[in-house]
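A.B. asks: Starting off with a structure, shown below.
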């Protein structure tokens, strides 16, 4: 097939980049206004609802569709929209395999992790760690999560602004500040319900913008067949790398298995996702909301992949990086959009609206989840145990505002991180991986104790930061797709650019490598799996050295029996599966009553020392506790009922010859 030559006022023919029009700025402003409007509408409509449950959990009466769309929007951000097409351009099509990893992620999150959190009725996912291990483990994990989300939000906010500014002249700090401020305000005042509904709107904007780019790009390139042939010529057509070598950046195994551990750390145990899932009115709806993510994830993933294929074919004979049109591959998609859509008034603005919709949804989700984590895991856990609902809501709003300002202040860090897709997924592996490890240690290994959890979490974080930072400094070489410059219109470039384009010199030989170099070549997709393995192995070793927890002493709601959930083990006879539950009786475990306020504090294990509780009732921070005397139910948080209960106790003591006047 004849190689393509594209005529027209494209950048590689004119030597100039197109700029945004006034209408493009109008569309960008419109998305900010609409998003803020949704937030303020819910803030005004729920102005008389002062409870924390309404603010952080949307009243726990949301349907699966808005929750599913919000789950999708939270981490399918501008980073995915910019990074995935750049991945297709720079490397090969093997990244498509991560779609299979998404299926495993959704299955694991919906059936292993989310049911635990939902049945415990927690607000912060890290409450689980206090009940399973100790308050210290809970606090350490929660603070680690806050660090992860602040860094991630900084990348999400800064990366699209920088890319658009470099290519189109779109105001850099104007977009950073305006998006950051609007997002912070509607999250702080509208709460979870505002975040959920704005996320729904923003997902629609993302998909619409991707479809516009895909359709126009396909028309200009000539359809999928010429694009596929271009991929073949440039060595991008690779789907069958089954190498088990963990240093291979992308292989089928790293994308499916490594991708599972990377993404289940997000959908399974990340506070932003757990908090959304438990806003559903039933566990069935929560599972459905998680499963609705799978088609959505695949839709956005493969739209971005096809856009990357068309973009690669369009620039096959004039590499924008070689021609210095752009300085970073994250800027390729905005350049492609301006080349193919620049002559259609408003369509570049639609792309900008979709791109920043991704940023808005991620930042709003992050701010809401951070405020919940800090409130529940730090303020209420240590300083204000009996905080009133209205005051707790106010604290959450202030926290959202404060961390929004911190996120704005940290945006400069993102400019040092290179490929935004790899940087974001590396961050999930380096920080999210150890967090997934400590939750998995608690849920799947009943012998683990708090010392094992502490040791595993710290060891996992130290190891992964060593590998991640080392890889960022050393930067191991990676094989990239072929790039050409034969169709660049050299008469439109200055002499310096022409010299750079024609420079075919090879890279200098790599310097001598120290013995730790192979550690830094580990594919970033294996970071999370490596962290989980480290946390579990070290956690179990330390637990057995310091005295393992007796499985039968644990509340069964804290443990997930893998043999009952994972195919094909769940098909085994009961006689085989029973020993695999290690003496824990899971029958009817979720039928136990919880407090009216949704808190969970009647576990059979003391959260501070891991020992079985005595026959006593633990008083909750708020809500009601009930005791049964025969067929009569007494609310002992009610003065009248408590007096009746005490009287009943005294009568029984008198009848049995005992003197006992205390509850």
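Note: Cβ is positioned from N, Cα and C throughout, glycine not excepted.
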A.B. asks: Look up transmembrane segment in TrEMBL and report which of 232-250, 251-269, 270-288 it refers to.
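C.D. replies: Spelled out, TrEMBL records transmembrane segment over residues 251-269, not the other listed ranges.
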A.B. asks: Hey, which bits of the same chain come close to the transmembrane segment (394-414), Cβ under 8 Å, at least six residues off its ends?
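C.D. replies: Distant contacts of the transmembrane segment (394-414): 52, 55-56, 146, 150-151, 153-155, 157-159, 161-162, 176-177, 180-181, 183-185, 187-189, 191, 363, 366-368, 370-372, 374-375, 379, 384, 387, 420, 423.
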A.B. asks: Per the definition of 3+ C-beta pairs under 8 A with sequence separation of 6 or more, do the transmembrane segment (25-44) and the transmembrane segment (201-224) touch?
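C.D. replies: Yes, the transmembrane segment (25-44) contacts the transmembrane segment (201-224).
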A.B. asks: Mark yes when the transmembrane segment (290-315) and the transmembrane segment (201-224) have three or more Cβ pairs under 8 Å (sequence separation 6 or more) and no when they do not.
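C.D. replies: Counting Cβ pairs under 8 Å, at least 3, so yes.
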A.B. asks: Any chance you could find the range in 170-189, 251-269, 290-315, 524-547 with the most Cβ pairs under 8 Å to the transmembrane segment (94-118)?
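C.D. replies: Ranked by Cβ pairs under 8 Å, first place goes to 251-269.
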A.B. asks: Any residues 6+ beyond the ends of the transmembrane segment (451-474) with a Cβ under 8 Å from its own?
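C.D. replies: Beyond its ends, the transmembrane segment (451-474) has Cβ neighbours at 129, 132-134, 136-137, 140-141, 144, 417-418, 426, 429-431, 433-435, 437-438, 441-442, 516-517, 519-522, 524, 527, 530-532, 534-543, 546.
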A.B. asks: Considering only Cβ pairs within less than 8 angstroms, which of the stretches 65-82, 139-158, 170-189, 524-547 has the most against the transmembrane segment (251-269)?
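C.D. replies: Result: 524-547.
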